[in-house]
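Scroll down for the structure; my scribbles are underneath it.
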Protein chains: 2
Amino acid sequence: MILSALLTSVGINLGLCLLFFTLYSILRKQPGNLYVYAPRLVDKEKSRQQESGDFDLERLLPSAGWVKNAWQLSYDEILSISGLDGLVFTRIFTFSLRVFTIAGVIGIFILLPVNYFGNQLSDDFGHLANKSLDSFSISNVNDGSNRLWVHFSAAYIFTGVVCYLLYNEHNYMSAKRIACFYSSKPQPHQFTILVRSIPSSSGRNISETVESFFTEYHPSTYLSHSVVRRTSQIQDLINDADKLYRKLGRMKSNNHSQQTFRRDGFLGLTGRKVSLSDHYEKKLEDLEVNVRMEQNLSDGEEVPAAFVSFKSRFGAAVALHIQQGVNPTEWVTEQAPEPRDVHWAFFSSSFIKRWIFKLVVPVASFALIVLFLIPVVIVQGLANLNQLEVWFPFLKGILSLTVVSQVITGYLPSLILQLFLFFVPPIMLTFSAIQGYISHSRIERSACSKMLWFIIWNVFFANVLSGSALYQVNVFLEPKNIPRVLAEAVPGQASFFISYVVTSGWTKLSSELFRLIPLVCSFCKRLFSGKDGNEFEVPSLPYYNDIPTILFFGLLGITYFFLAPLILPFLLVYFCLGYIIFRNQLLNVYAPKYETTGKFWPIVHNSTVFSLILMHIIAFGIFGLKKLPLASSLIIPLPVLTLIFNAYCQNRFLPLFKAYPTECLVKKDREDQNEPGMAEFYDKVVSAYQDPALMPVQYPRSTDRDTSPLLHSTEV
Amino acid sequence: MILSALLTSVGINLGLCLLFFTLYSILRKQPGNLYVYAPRLVDKEKSRQQESGDFDLERLLPSAGWVKNAWQLSYDEILSISGLDGLVFTRIFTFSLRVFTIAGVIGIFILLPVNYFGNQLSDDFGHLANKSLDSFSISNVNDGSNRLWVHFSAAYIFTGVVCYLLYNEHNYMSAKRIACFYSSKPQPHQFTILVRSIPSSSGRNISETVESFFTEYHPSTYLSHSVVRRTSQIQDLINDADKLYRKLGRMKSNNHSQQTFRRDGFLGLTGRKVSLSDHYEKKLEDLEVNVRMEQNLSDGEEVPAAFVSFKSRFGAAVALHIQQGVNPTEWVTEQAPEPRDVHWAFFSSSFIKRWIFKLVVPVASFALIVLFLIPVVIVQGLANLNQLEVWFPFLKGILSLTVVSQVITGYLPSLILQLFLFFVPPIMLTFSAIQGYISHSRIERSACSKMLWFIIWNVFFANVLSGSALYQVNVFLEPKNIPRVLAEAVPGQASFFISYVVTSGWTKLSSELFRLIPLVCSFCKRLFSGKDGNEFEVPSLPYYNDIPTILFFGLLGITYFFLAPLILPFLLVYFCLGYIIFRNQLLNVYAPKYETTGKFWPIVHNSTVFSLILMHIIAFGIFGLKKLPLASSLIIPLPVLTLIFNAYCQNRFLPLFKAYPTECLVKKDREDQNEPGMAEFYDKVVSAYQDPALMPVQYPRSTDRDTSPLLHSTEV
């Protein structure tokens with residue numbers, strides 16, 4: 001790729017971004033789009049009054065007020081709006097901006113000139129605009145040249161800077177986590193643990209076993225427990241009832257005057273004519289009765305698991321951290337998630353099913369990640385028109401048209417690839433869900449890691465090591481060849497990744513802002529069914545999908561920093577845009593459904609360390625290829641030092657992301673002792689962990705149809 | 001090697017063993033050898049009266065009474081004599097006997113005939129005695145023959161049997177551990193934890209910081225603490241004083257009548273003539289004064305570590321398992337070892353030294369293990385006489401003598417190798433000691449693992465993959481070649497390892513029984529210095545040296561089980577002998593100095609699982625080489641299932657080897673509440689963790705020289 005082509009691409013994408021921004025700034029002011037662009041605010045019913053006003057001209061003028069609002073948002077506000085997870089998410093941008101500002105200064109002002117004035121590639125004829133992008137990369141530095149020591153020093157300095165910033169950030173995040181804990185009100189999940197694999201004892205049911213065990217061994221701190229029950233059948237019934245209720249609601253509102261009839265006999269063909277809505281209402285009543293019957297019956301379906309609550313946080317921690325029973329596979333304890341975060345379906349699947357999935361899912365994920373390349377390669381085979389003509393001779397006439405052939409070779413493969421990629425995050429989420437985690441937040445975290453590996457393998461390695469998929473796996477079976485193979489392949493893909501940042505990165509951000517799919521959906525809904533206010537739900541930010549993408553751009557920046565510093569300005573633009581856009585989205589669009597309390601941060605840390613090590617491996621290979629063996633050997637301490645740094649960070653910070661220390665727990669418990677509302681709170685804790693499927697079900701009758709349904713609520 | 005040669009070797013070694021046994025049964029009855037063959041009993045002063053009698057003829061007749069005694073020893077007796085570690089040690093033999101009895105039945109009656117009636121090696125001329133041992137191994141089965149499915153089934157059945165026995169044994173050991181805990185008297189280390197990295201707070205010393213922290217956060221259970229001090233200087237002084245005291249003692253007893261004089265001035269050449277013993281006594285007194293001064297002075301040398309004791313075992317466990325301070329690198333807690341087990345030197349080394357050693361020692365151990373081959377290869381180059389003649393031409397005359405050349409080529413290399421091997425266990429122990437463990441038992445366990453890897457690599461792999469050391473390391477960098485390389489090499493070494501079992505294994509056991517070195521030492525001492533009773537110490541069994549050796553024979557048996565079943569009878573003899581001999585030694589010779597409370601067992605478990613996996617890898621390769629690819633693929637589930645089994649065992653049993661569960665701790669604490677002696681015991685706990693270097697030092701004066709010295713005692 002030559003420089004002018006890159007600049008054209010940048011120009012087009014910049015234009016597109018500006019267009020999206022302008023459209024956004026207009027569309028967001030239309031009251032009809034409120035549910036698309038500010039659902040969080042609508043939910044809080046703050047802005048409803050403000051913006052319900054009449055039409056005025058200002059609504060059609062683009063404005064940059066939202067940028068200012070997003071910019072001014074402080075970290076404390078983010079914390080109060082989106083919790084620690086939102087803070088982690090915005091801090092990824094802050095951290096990346098810091099890293100790549102420093103990297104950019106070093107890269108553009110020191111490395112780029114060194115690369116440019118080398119003449120290994122010797123294409124110094126022609127104008128600057130016709131220069132290949134490769135002449136800005138390390139490939140252009142002469143073999144064995146002492147100028148490579150500049151790159152060598154840059155690698156050391158950059159690693160130092162990243163580690164320093166990473167340490168600071170980790171420190172900041174863990175301090176915030178503790179501060180949040182200190183400032184939090186008493187919450188049921190702080191006082192509760194989940195106990196699984198409760199042994200069955202003869203003559204006693206599970207509830208009695210739990211009661212006697214904890215009153216015996218934790219007499220002074222034990223408060224209460226609630227045994228979990230298998231509720232998949234009830235949940236199915238409730239889902240049916242919900243569907244029926246919605247159908248009924250729609251039917252009533254649409255055809256308020258005209259009555260529809262059907263016969264109540266076999267297949268609706270025989271028997272007495274009844275009003276269709278009466279028929280459904282009867283069915284709904286039957287379902288309700290069924291649900292209630294099942295709820296009362298299902299005592300026998302107790303699962304050997306219970307949420308056990310204690311009178312103090314420290315009491316819960318004691319039971320959590322120390323092995324309870326003599327058999328370590330019984331009385332297994334783990335932290336209870338927030339009540340709204342519990343993944344109740346987990347308890348309904350049988351032990352053997354969970355066990356098999358636990359073994360199978362990692363294998364399946366690994367297979368999906370590694371073998372995803374195969375369909376991609378096949379699809380890219382479409383670009384090979386001759387092959388296609390051999391397979392489908394009747395297409396010959398069509399394929400000879402220039403337009404068709406261009407579409408097929410140019411756009412179709414990448415379109416199909418994007419389509420494939422579109423389905424991967426939900427697949428990963430499903431994988432994580434059946435893998436057997438008890439909370440939604442844990443599932444998301446697991447899906448996040450899976451997605452990260454997926455992207456790194458299928459975008460980075462697949463592009464770098466082009467060739468057959470099998471050959472690539474082979475490379476990783478011969479570890480000693482890895483640095484050489486990477487060093488040969490990675491610099492060559494610099495121009496591809498620069499344009500990847502510009503096209504994929506920038507576009508993703510502006511489409512995030514523009515929310516095209518929700519916009520279209522909302523438009524269609526309004527077109528066909530009038531208002532859509534009732535069934536409106538505030539979305540939560542899909543961290544498992546967005547964090548890996550951002551981290552991948554970080555990886556690109558770190559690995560290409562000393563190979564092709566030209567990528568850095570484009571990355572900086574990406575991170576600046578992301579910084580503003582996601583702050584805006586957190587402010588207006590997303591509201592968290594549950595909290596991981598900052599547990600995404602270790603993923604960010606690990607990914608950054610991985611990127612650094614990858615850079616070092618490539619550097620080791622590059623200096624070997626460039627015939628500077630001394631630099632190649634002197635780079636070896638760098639990954640070792642980085643790993644030691646990582647081990648230190650794991651020791652220093654990771655425990656704080658797993659559990660709270662005695663000091664915090666005891667202090668917080670002491671504060672509570674003087675609180676007057678604790679007795680009331682204990683009552684709340686006792687009933688907090690109720691499976692929503694076991695809540696009383698009551699659909700409002702026809703007379704009070706307009707109020708929102710009295711559905712089972714999981715809030716406490 | 002042919003069968004008759006093997007039988008000759010077996011005959012010679014069996015004869016040697018019998019000779020050793022006979023000599024032992026006579027020598028052990030001589031009163032003078034009591035300190036060699038029954039130091040444990042002497043220490044208990046049981047047998048002193050019994051065997052101090054006059055000479056009678058029976059003393060010169062060999063007898064097998066000791067075999068009977070050893071055989072009749074029950075596990076409960078072993079437990080009371082040698083603790084759980086002794087039990088683990090004897091159970092290794094029981095377990096191996098069970099495994100190899102079953103393996104022997106399958107191997108000898110099923111696999112051996114199948115191998116023998118193959119004709120791949122086609123040397124079916126001649127008599128049975130002239131048969132090569134290879135015709136009894138899998139190499140003799142025809143390529144692609146369906147008889148290989150017998151081996152395939154044997155691999156599956158054997159793995160199943162080993163896993164079943166392993167599970168039972170693990171279950172037995174963990175149950176014993178819990179039972180021992182229940183039946184134990186209150187011991188200081190059960191109530192104590194070691195707290196390290198105590199943060200320094202301004203204006204308070206470490207003792208006050210500890211006091212205030214634990215009274216704040218563990219008000220109901222905290223009992224007391226003792227801060228550790230840096231005592232290496234005092235220890236040096238005490239060592240000097242000890243040496244001087246012994247010298248003085250020897251001097252007095254040897255030359256009781258004749259006085260030796262020297263001058264008290266410069267270098268003993270000038271000044272007044274004084275009695276030499278008076279001179280030393282004066283010096284000893286000075287040293288004592290110095291020690292006392294240092295002991296009082298060293299308050300400033302507090303180490304930020306303390307043994308913190310609690311009023312209950314559960315209280316100690318709570319503080320142990322939950323992170324204490326907000327900074328996880330401060331207030332680091334770990335289980336306190338028994339007071340006599342504490343490795344006090346650990347606290348004297350500085351933080352930075354410990355940190356460096358912690359990083360360097362594993363690397364050094366790894367290097368020692370892997371690179372040990374290089375000197376071995378060089379030494380084995382000695383066997384190459386021509387080379388030697390080129391280097392040292394003047395030796396030509398000597399080397400041409402047949403005897404000399406035979407000695408050099410036949411014995412010298414193996415002698416030097418054995419000499420090298422002799423120094424490895426102490427080196428490994430030193431490595432583990434400087435690696436930074438706080439207890440002697442932990443050091444021994446670490447040395448045990450190191451030795452195990454050392455033996456597996458340097459005896460098994462070095463012999464299997466003969467060739468240059470570097471080439472072998474290369475094999476392990478290309479993982480996919482490992483099965484093929486092993487399958488090609490391992491069966492060929494069967495005859496070597498059979499004779500290894502017979503020569504090295506059997507000999508080691510009989511020399512263990514005969515205790516040649518202590519016997520010679522004791523003889524010399526009696527010859528030169530009369531009695532040696534006063535400076536007599538009961539040895540403890542060097543588990544770190546013996547367990548790896550035994551496990552290595554287990555590995556040989558498991559890997560060669562289906563390759564060359566002829567090894568199994570010889571292994572069975574080895575384990576039978578070991579069973580009797582080590583029981584006898586535990587009964588008579590060794591007494592434990594400290595306990596790991598059975599923590600060697602997980603090493604045994606892991607080593608067995610490793611052996612199984614190694615067998616599976618070889619089987620995978622062998623079936624490939626033997627052109628039975630279906631069997632080769634069908635063997636793959638076997639290691640997977642074994643690893644799942646291992647993971648289950650880790651879950652099920654390993655936690656019990658790390659700490660005791662709430663259930664046990666609370667029950668045991670309740671029992672104690674009714675105990676009348678607890679107040680007294682608490683007093684004992686408070687003073688239990690005293691550095692022996694800080695104990696008052698007082699050597700008895702000349703008047704009371706005959707009583708044993710009032711040395712600092714570590715017992716509580």
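Cβ atoms are placed via backbone N, Cα and C, with glycine included.
Here is what TrEMBL records for this protein:
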type	residues	note
DOMAIN	B:5-169	domain 'CSC1/OSCA1-like N-terminal transmembrane'
TRANSMEM	B:6-27	transmembrane segment
TRANSMEM	B:99-118	transmembrane segment
TRANSMEM	B:148-167	transmembrane segment
DOMAIN	B:190-345	domain 'CSC1/OSCA1-like cytosolic'
TRANSMEM	B:355-378	transmembrane segment
DOMAIN	B:358-623	domain 'CSC1/OSCA1-like 7TM region'
TRANSMEM	B:419-439	transmembrane segment
TRANSMEM	B:451-473	transmembrane segment
TRANSMEM	B:550-582	transmembrane segment
TRANSMEM	B:603-624	transmembrane segment
TRANSMEM	B:630-649	transmembrane segment
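Outside the transmembrane segment (B:6-27), and at least 6 residues removed from its termini, the chain residues within Cβ reach (under 8 Å) are 33, 37, 59-66, 129, 133, 495, 498-499, 502-503, 506-507, 509-511, 513-514, 519, 570, 577. Of the Cβ pairs linking the transmembrane segment (B:148-167) with the transmembrane segment (B:550-582) and spaced 6 or more residues apart, 3 or more are under 8 Å, so the two regions touch. Among residues of the same chain six or more beyond the transmembrane segment (B:419-439), those with a C-beta under 8 A of the stretch's C-beta atoms are 194, 334, 337-338, 341-343, 345-347, 349, 354, 357-358, 361-362, 364-365, 368, 372, 375-376, 379, 446-447, 450-451, 454, 542, 544-545, 594. With a cut-off of 8 Å between Cβ atoms, the residues of this chain six or more beyond the transmembrane segment (B:355-378) that come close are 349, 417, 420, 424, 427-428, 431-432, 434-436, 450, 453-454, 457-458, 462, 468-469, 472-473. Per-residue pLDDT, averaged across the domain 'CSC1/OSCA1-like 7TM region' (B:358-623), gives 83.
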